[in-house]
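Asks: Here TrEMBL flags 36-324 as domain 'Histone deacetylase'. Among the features that TrEMBL reports, substrate binding site is placed at D107, G157, Y311. According to TrEMBL, the active site, proton acceptor annotation covers H149. If you look up TrEMBL, you'll see D184, H186, D272 marked as divalent metal cation binding site. Taken from TrEMBL, the feature region 'Disordered' applies to 385-442.
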Amino acid sequence: MDIGGNSLISGSDATKRRVCYFYDSEIGNYYYGQGHPMKPHRMRMTHALLAQYGLLEQMHVLKPNPAREKDLCRFHADDYVAFLKRITPHTQQEYMRQLKRFNVGEDCPVFDGLYSYCQTYAGGSIGGAVKLNHGHCDIAVNWAGGLHHAKKCEASGFCYVNDIVLAILELLKNHERVLYVDIDIHHGDGVEEAFYITDRVMTVSFHKFGDYFPGTGDFRDIGYGKGKYYAINVPLDDGIDDESYQSLFKPIMSKVMEVYRPGAVVLQCGADSLSGDRLGCFNLTVKGHSECVKYMRSFNVPLLLLGGGGYTIRNVARCWCYETGVALGVEVDDKIPAHEYIEYFGPDYSLHVSPSNMENKNSREMVDELRARILNNLSKLEHAPSVEFQERPPHIQLPEEDEGKEGAIDERKHPDFDADVDNKSSPGRVQMDIVEPEGRNK
């Protein structure tokens, strides 16, 4: 199986990258409930498109190891994880106080297999980070991940476990600095909050701001203490199109990469920022959305691609299929080949979606001013802040296992240092200054 190789020069989009793709065939069976906009079935549709386009043969396809309880507790509170583990639709009446306390209910319902679902999508993101840390790939992809709203002690916005925070903690074992970029229409509040007081993780979120969930992500929210200016928020209004979006994204991310020089990048590719999304109000095309992936890929830094929002599921599948092609350096044909979900894509059966005629409320003056203010904030940063590392044993190189093979080896079981989750520090935030073996597993 040819999985490509490292690109020769930074900035070349045509060269092949070694891509690891995480997928569990069970993920599409989980069901949030009747009428709920979040539908894990979209991952199965995406996978079917990837298979039909022949993209799976060009990647290393892996079935994720389910995240263990101690993995989840590296960020989340022990009692919250224990609650997710034991709650079921049949027993939830016994846990009314905990349901309220942990914000599990309407937006984040209890459904069959909830804990297994969390283990699966978190396992893919952690596994992707491990693969990048070991140098087994240049780009890791987990479209089931990207659930950016989950907090240390509560569910939020259809998200129960914050796989992104867990993946970043894994990457911090190898990298002094990790960059998180979020192009979901909703603010990446859970990830920003977790790393708000550290300079080891920079968070950049492009999102709808105003009377819109979760209501956070003001331009003036820039981080605190050691993390001041390491949280970047780009608040946008309805109807933003490809041109306006890229006139912000590329200059800002170019400056971020120049100043921050991350060792790894995590890109959350929520597809609810596409035109026509059931819950969204932006006007991006698949090509406009994927231009962000192409641009971040061009820096030739280890890259973890994650899913996120996206509620018009045929467009989600279109987008993530095309972006997988971008990761591979392959231009995917617009004509969707016949396959089991072809009826979802009628009547034109094309991969790309046209923007609507909705008004772009982001005026050129507003965009120019916002870009100037953010670039000004970035100019206040010291270039590439240094971090003192404690001495650690080398990584153990373990054999790789293909998706579906029995007895897959869990690469996370190696004698490495965990970035500690300090339960006594600010709620929901990760204390990055303390490093100790194997977290705090009680």
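Residue positions begin at 1 at the first shown residue.
Just so it is clear, glycine is given a Cβ too, placed from its N, Cα and C backbone atoms.
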Asks: Cβ within 8 Å of the divalent metal cation site's Cβ centroid: which residues qualify beyond D184, H186, D272?
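Replies: Near the divalent metal cation site, beyond D184, H186, D272, sit I185, H207, K208, G270, S273, L279, G280, G308, G309, G310.
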Asks: If you draw a 10 Å sphere on the Cβ of H149 (active site, proton acceptor), how many other Cβ atoms land inside?
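Replies: Within a 10 Å radius of the Cβ of H149 (active site, proton acceptor) lie 28 other Cβ atoms.
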Asks: Would you list, in sequence order, the recorded positions among H149, D184, H186 whose CA lies within 10 Å of the CA of Y311 (substrate binding site)?
Replies: none
Asks: Relative to the Cβ of H186 (divalent metal cation binding site), which residues of the same chain, six or more apart in sequence, are found under 8 Å away?
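Replies: Sequence-distant Cβ neighbours: H148, H149, G157, H207, K208, Y212, F213, P214, G270, D272, G309.
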Asks: Between D184 (divalent metal cation binding site) and D107 (substrate binding site), how many Å separate their Cα atoms?
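Replies: Rounded to the nearest whole number, the Cα-Cα distance is 18 Å.
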Asks: Among the binding-site residues D107, D184, D272, which residue has the fewest other Cβ atoms within 10 Å of its own Cβ?
Replies: D107
Asks: Other than D107, G157, Y311 themselves, what residues in this chain have Cβ atoms within 8 Å of the centroid of the substrate site's Cβ atoms?
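Replies: What remains near the Cβ centre is P37, M38, H149, F158, C159, F213, L279, G309.
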